[in-house]
């Protein structure tokens with residue numbers, strides 16, 4: 001405490017605080033560097049440690065004050081000695097901050113043995129790190145030299161290759177190139193010589209880069225020593241915050257442009273070091289030569305003709321790309337033809353073909369329908385063909401016994417399952433006779449199912465025409481004959497009901513001659529068999545005739561290929577989904593295959609035959625029910641197996657888009673020409689009877705739609721808002737409510753939600769199972785929409801003899817009835833000079849001042865009109881009665 005003892009006397013006048021300094025503590029002040037030239041005085045207290053006494057052999061180590069980093073920038077270093085590359089020893093340069101820093105008041109203590117040992121270890125570790133750093137720098141130097149040598153070798157090889165190319169050029173071009181290369185090569189060589197370091201040689205003393213390198217090495221050495229001292233903490237008092245000095249670059253001497261020597265600027269880029277204009281580089285010369293060669297080759301290049309694939313519509317830009325021509329050239333050609341178009345404009349295939357032909361290319365036309373190529377009509381090899389069962393269609397007039405005949409053949413009773421005893425579906429069945437199978441298709445006979453008969457004839461090999469012996473040839477019989485002839489299938493005539501007393505088979509044969517059906521007994525080639533379905537008479541003869549005809553036709557198919565056939569019927573079954581009855585005509589259909597039927601597709605989940613049994617495969621001429629389609633296809637659509645779901649989806653989407661476009665075309669087809677506009681004006685006053693029709697199968701819905709279309713007249717017609725196969729749902733009721741339509745269910749029922757919704761909305765749902773009843777009821781309902789017919793009945797004429805003006809009554813005409821009679825309250829017309837002046841009713845009819853109901857011919861009477869008094873003598877009054885009669889379709 002004696003060192004810091006103050007001799008001043010204590011007083012209360014000063015601002016100092018009375019404190020008691022602890023013993024064993026020394027105080028001092030140091031200047032702390034705050035950065036950017038700012039300093040701060042800091043009070044430092046050092047506490048002495050009372051440790052054990054030192055041994056005699058242990059020498060005290062006086063701590064050395066921290067030496068500031070040396071800066072070798074004030075004087076230029078000496079050039080290196082040729083014997084080695086030692087770093088020059090620069091003069092230590094004291095920073096300004098260290099010079100201005102006060103040294104007074106710093107007290108340093110002795111270091112303990114542990115601290116000295118820690119500092120020795122830190123110094124040894126720093127030396128090891130410095131050795132490793134020096135070794136790494138040496139390895140980097142060796143690697144850089146190796147890379148430089150490799151680069152020089154590559155440049156030599158490139159120069160040799162270039163020289164060989166120059167030697168191979170024609171003499172004239174080589175001379176021109178040499179002149180340009182000579183003009184450019186000196187500058188290039190000088191620049192390369194300046195910028196490329198020479199490995200393995202010591203830099204001369206006059207080179208300015210060497211002193212810089214020496215200074216850099218000296219600076220690195222000084223910085224490493226300073227870092228070592230900073231890490232060891234030598235010379236720094238304990239507790240002092242030491243801020244590391246930022247490494248400052250060595251100052252360069254004036255006129256030292258080493259850093260800016262290789263910098264490329266806009267000014268120096270085009271001028272060499274000697275001030276001359278820079279010439280072209282070798283790369284530029286080489287590019288020019290290649291461009292010249294290309295231009296020479298283009299002059300002699302021949303036109304390449306390509307095959308251009310053209311869709312139905314294409315843009316000009318895409319067409320030019322497919323032809324490998326410029327779009328500008330195509331537009332120029334179109335401008336010459338008088339068409340101003342842009343590259344993004346669409347053109348049709350005809351114009352695109354004309355453009356491609358003008359440019360010398362061939363054309364291959366494609367369309368969207370090409371997605372269906374390769375599905376149907378695939379040719380088979382004759383060696384793979386095998387015999388198949390015949391497909392026989394039973395056709396004829398209604399109630400002539402077609403289904404009963406088929407029942408007798410199948411030993412089943414199908415008629416009992418049909419409502420009203422008439423066939424309303426196409427039934428496909430398979431029977432076996434003498435070990436050979438025959439596939440039968442039963443078609444409806446009445447007029448509503450014309451499309452079904454046509455479909456059955458298209459998918460058949462033989463048509464069996466059933467004619468009742470007691471009823472002879474009827475309208476649907478003639479229609480069936482026409483369908484069979486149109487399909488080009490042979491006909492076998494089955495004269496049914498020969499067991500009836502009124503049967504006359506010979507009359508049937510004679511009437512068939514009128515329709516060009518010549519049976520064998522009449523000298524023709526058509527087979528005829530007299531059968532009785534009721535008594536099962538001559539059924540075996542009918543089957544033998546069918547097998548005989550099939551042998552003549554020699555029916556064959558390839559079962560070892562993808563399946564192909566026709567959709568006979570389709571329905572939406574509750575629990576099974578969409579069910580399609582198909583007839584396989586080629587190949588074999590198995591579960592798991594992907595099929596496309598019309599605009600629907602799906603994977604076959606199950607195959608069910610006509611007996612309700614699940615089968616694993618369906619060969620040619622086999623009728624089966626297919627489960628797994630996405631929707632119900634239309635009856636008569638063809639189906640085929642495809643290889644993948646993507647192909648099936650693509651075909652299905654194309655067909656659905658085609659159907660939508662056709663529907664839109666039908667709706668918008670009424671606009672256009674004047675005749676179409678007149679037709680639209682005529683049909684604009686037609687009353688419509690909206691209907692929502694749900695049926696059990698697609699074919700029945702088609703038959704109902706066709707029958708209702710025939711009911712339409714010029715005044716009223718049926719409009720089917722929606723139709724589909726399946727039960728009546730709540731959405732159908734909502735649609736009917738929105739369109740104010742009636743709901744008709746044919747062999748289907750509505751679910752509970754649909755019934756509740758119909759009761760709330762007041763929509764009537766009618767159920768039918770016989771198509772005749774459905775058509776009759778719709779016909780009666782449509783008749784109610786017809787405006788009643790106005791019928792006018794002539795009663796008589798009266799001639800006005802005199803006109804009287806009576807008070808409170810007005811003008812009264814004194815008349816004589818010249819024809820018929822005149823009644824009060826009927827319609828009258830006032831005719832003057834054969835022109836109708838007024839039409840109204842009689843207000844009063846009097847004879848001799850008495851009101852009478854009628855006046856006969858030859859009698860006189862007085863008549864007055866309601867709200868009309870312009871009557872004159874000589875006018876004629878015509879009396880008539882109007883009646884409104886209800887019309888029917």
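Each residue, glycine too, has its Cβ placed from N, Cα and C.
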Of the residue ranges 396-403, 404-411, 412-419, 428-435, which one carries the region 'G1' annotation in Swiss-Prot?
396-403
Choose the correct range: of 421-425, 436-440, 446-450, which one does Swiss-Prot annotate as region 'G2'? Give that range.
421-425
Reported in the order helix, strand, coil, what are the DSSP residue counts of the region 'G1' (396-403)?
2 helix, 1 strand, 5 coil
May I ask which residues of the same chain, at least 6 positions away in sequence, place their Cβ under 8 angstroms from the Cβ of residue 498 (GTP binding site)?
469, 505, 530, 531, 532, 537
Which residue counts does DSSP yield for the compositional bias 'Basic and acidic residues' (116-182) in the helix, strand and coil classes, in that order?
65 helix, 0 strand, 2 coil
Residue counts (helix, strand, coil, in that order) that DSSP gives for the region 'G4' (496-499)
0 helix, 1 strand, 3 coil
Within 10 angstroms of the C-beta of residue 402 (GTP binding site), the count of other C-beta atoms across all shown chains comes to 29
Any idea which of the binding-site residues 396, 399 has the thinnest Cβ neighbourhood at 10 Å?
399
